[in-house]
Amino acid sequence: MTRVLITGFAPFGGERVNPSWQAASLVAAEPPAGLAVTAAELPCVFGESLDALRDAIRADNPDLVLCLGQAGGRPGVTVERVGINVDDARIPDNAGGQPIDEPVVPDGPAAYFSTLPVKACVAAMREAGVPAAVSNTAGTFVCNHVAYGLGHLIATEFPHLRGGFAHVPWAPEQVPDGTAPALPPATVAHGLRALLAAAARTPAEQDLKVTEGATH
């Protein structure tokens, strides 16, 4: 049975909830067939988030890791193609830290690509009826910090792992006036189950050869 670690973040930026953790918890409570899923909540703090991720990987010894974060304003689940080696925080993290133009890992490579089949994951979510897309930027806040940091952990400490990052939209309770896109965490979790099933059966090098690019 494939062992999966799925992570979400604590609320940040004045929010009372974080839909990434809500969805991760739902997936762990009702995992896809053939997968053993454990969920871990990461602090929305530079540095500490990667320490918590490393500890969770060591504790659970997963085969596959999916880290989640909140991307308010995006209309669907977006699977990140790449994490880049820069922290450039527009707002402080939950500990008050606000690094500007600092590397996630000093002297690390410029970027790490996801080792999940990002296009197959997107296709699986769409087939499950959940809006999804490939994203080419995870931002430069703690989400990208973890997306890049996970790639570095895989490259340097856990070479048996495959892993990647996905962003989820706001939950409806975060936009009660309906002025921005939102998805219920249960809907997101339904899509993530399809994503994980696709990731477990599809090596990254056998990803779908379909267009999911962007012109800008």
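Each Cβ is built from the backbone N, Cα and C atoms, and glycine gets one as well.
Lifted from Swiss-Prot, the feature list:
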- Glu80: active site (ACT_SITE)
- Cys143: active site (ACT_SITE)
- His167: active site (ACT_SITE)
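Structure coloured by features recorded in Swiss-Prot.
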{"residue": "Glu80", "record": "active site", "CB count, 10 Å": "26"}
{"residue": "Cys143", "record": "active site", "CB count, 10 Å": "24"}
{"residue": "His167", "record": "active site", "CB count, 10 Å": "25"}
In angstrom units, rounded to an integer, how far apart are the Cα atoms of Glu80 (active site) and His167 (active site)? 7
Roughly how many Å lie between the Cα atoms of Cys143 (active site) and His167 (active site), rounded to a whole value? 8
